[in-house]
Structure formats: C-alpha cells, structure tokens
Amino acid sequence: MASSPAAPPAAPTRSPAAPPRSSTAPSQSTPTRPARRNKNMTAVGRQRIVESLLRLTVNDNLSHGVLSGVAAEHGVHPTSVSRLWQRAKNEAQLTGLYVAFSRMHLSGRRPTDRTEELEQLRGVDVAARSTVRAAAAICGLPQTTLQRRIGTGELRKVTSVVKPLFTEENRNTRLHFCVSHIDRVDTVTQKYFDGKLDVWAFVEKVPAQRLSRRRPAGTLETKEVSVTKATYRDMLISRVFPAIEARWPNASEAAVIQQDNEPAHIKPDDPQFNDAAACCGRHVELRYQPANSPDLNVLDLGLFCAIQARQRKKIARTLDELIEAITESYWELPARTINAAFLSLQDPMDQCIQQRGDNAFKPRHMKKAKLEREGRLPLSIRCSDEAVVYLAEPAIL
C-alpha cells in the first residue's frame, strides 16, 4: 500500500491580529533595574555611616538587622557597611577614634624609600640646588619624583623671588614710598586725575636700504631703538614733560616720575634731567621704585595685563599697526580697570606700613568685581587703625 510523503511542518507565522512590538517603557508589573551605586564612597559618607552605627550600638555590639538598615539608609551594600564597621573598630583599638579611613591609597606597588637619596641634598649649597633639575641631578632621581615630593610636603622650598629678604634700608624706603602717596584732584574741573599721561614706543623712522616686493628703497620704515641712558633721557624730556604739563591736575604741585632699577635708567640727580625739569615751570622729581618690591609697581598689578588683553583682540601685521593697537588699547582702558589696579596697589601699601616696611604679608583678595556690582567698591583704601597707630609713634619717618 503506497503512502504519500508526510507534509513538512509548517513554519511559525505571526497572526495578523497580533499587535506589533513596541519600544515603549515596560509595564508596572515589570521589575525596574535598581539605581547604580557609586563605586567609591567619600570620606564624609564613610564617617556618616560610622556615626549612624555608633548611635545604634549597645555595649559595643550591633543588633541583628542594623547593618542592613544603615546600608539601605545610605544607599550602599551591607557588605560595605560591615567592612567599614570592622575597620572603624580596629582603628578605635589603636587610637581610640572610630574612623574608617580609605584604603584606595594602599593599592599598587608600595612606594620606594628615597630617604637616602634625598639626604644628599642637605650637604649641598643652596645655590647649587636652586632648581628642580639641579636637585634631581645631585640626588640621582627623576625630576618628576622631586616634584611629587614637593607636592606632598616631604621637600620644602627654601627661597622665594616674590618674597625677598629685606634690609633695614629696604624697609625704610618702602615705608616712605607708601606714605608719600595721596589722592590728587583737579581744583578747576573737580575731577580726579585718571592716571593716564600717554604711552610711547622706543622706535625711529629710517629709510629702507634695499628694494623689496613690499616697498622701494628709501621708504621710511619703523625700527626699534635700543634703550640707553641717552634715549631714555630724551624720552623723558621730549615726551613725558609735555604730557605732565598738559594733563597734570594742579600746576603748583610737584610731580614724581617713578622708575625701576634698570641699568638704562638715569639717576635722580642727572644734570640734564634737572635742567629740563627746572625749565618746565614745576618741580619734577625722579624717584626709584623701592628695591625688591614688585608689589609696589602699579603697572605689574593689572594695568599691563589689561592693556595686553585688549591689544590681542586687534589684528596687527606690522610694527606700526602693533604700536597703534597698543596705543588704542591704552586709551580704551575704562576708569574701573585703572581704579582696580590702584586699589591692588594701595592695599599692599597699607599692609606694608602695618609690617613696618616688611613684606611678611599675603595680598588679600578684595573681591573688587563683586563690590563693584553691589556699588560698594571704594575709590581708595583707607589706612587701617594699625597703620595709623604706627605712624603716630615718634621718630617713625
């Protein structure tokens, strides 16, 4: 009897009435994944867990279920709470304090003892190990190793350029410099002097010696001039004196030109300078900035940075364009920027007087931008009571 071959099994098909799959959120019956816990706890979080366990201890023992309850309260695993509690009890047996310190720093290779290499620095003169590179060559360690030891406090810097040591003459000079500064106001216009005279570049116009694609030979070009005593003196007489006459508030008051201790600067008793000052109709005095006192130079306390920040926004392709950009940036400085720089100068002056001319102080952050927004920024810093009391003592100045 012949039989027909069996039919192949039918492939499973989707019923046309079946709803399509959707990527919507699961229904309320589907369990949600718990929030991921942080991998590491902070020192504050660990201490809070230990304090919670201490409040629930009875005779230095924890009841059943306390660990799980504290773990649920702080959102950590019960095993982590158990480890913290055991670590805190071990610390209490050693020091008497229930503290669970972090063990993250115990991972990895143990630090190498470099005491023997670092001790070699003690027998070397300070001048021979004034830099990290020189100190690393002396003790035979990488520079990065010394940098890490400085960061952790194992090595300490012994010198500072910003805080130099002062002699008695330095202190007296700084003290006289700070006391001599007072506000100046124009009695005619009833306005304060904004501190701006002008800005000048040490350049000159010289004819081009050769032909180029940009200009023919003989075209006047702007070239830099080396600053010497002669060029510096000529700049003072030909540029600074006329600017003082044009912009100084009161013609009867003396003017003081401050300069730093560069070799190219002339001495205060320069004969040519004094003759030119006598011809301008007012007393003009040339004075050195106090030695080792960068904190008493208003140009370095924000004015140079403010001018450079504005100058960098201007495109300059030639030296003439660069000079023009710097000059425009100088005159564009708002009064609040200049006031902020002079406030940064007056506050160290007040602290310098309090310290009897020394620099054993840290310049404080005055929050000038915040005070300006609130309308409480002063025009000048008043002398503190300590400075007034010190200046009232006999034979101070």
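Cβ from N, Cα, C; glycine included.
Copied from TrEMBL, the annotated features are:
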- 1-11: compositional bias 'Pro residues' (COMPBIAS)
- 1-44: region 'Disordered' (REGION)
- 12-33: compositional bias 'Low complexity' (COMPBIAS)
- 41-91: domain 'DUF7769' (DOMAIN)
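Regional average pLDDT for the domain 'DUF7769' (41-91) in the model is 87. The DSSP breakdown of the domain 'DUF7769' (41-91) into helical (H, G, I), extended (E, B) and coil residues amounts to 36 helix, 4 strand, 11 coil.
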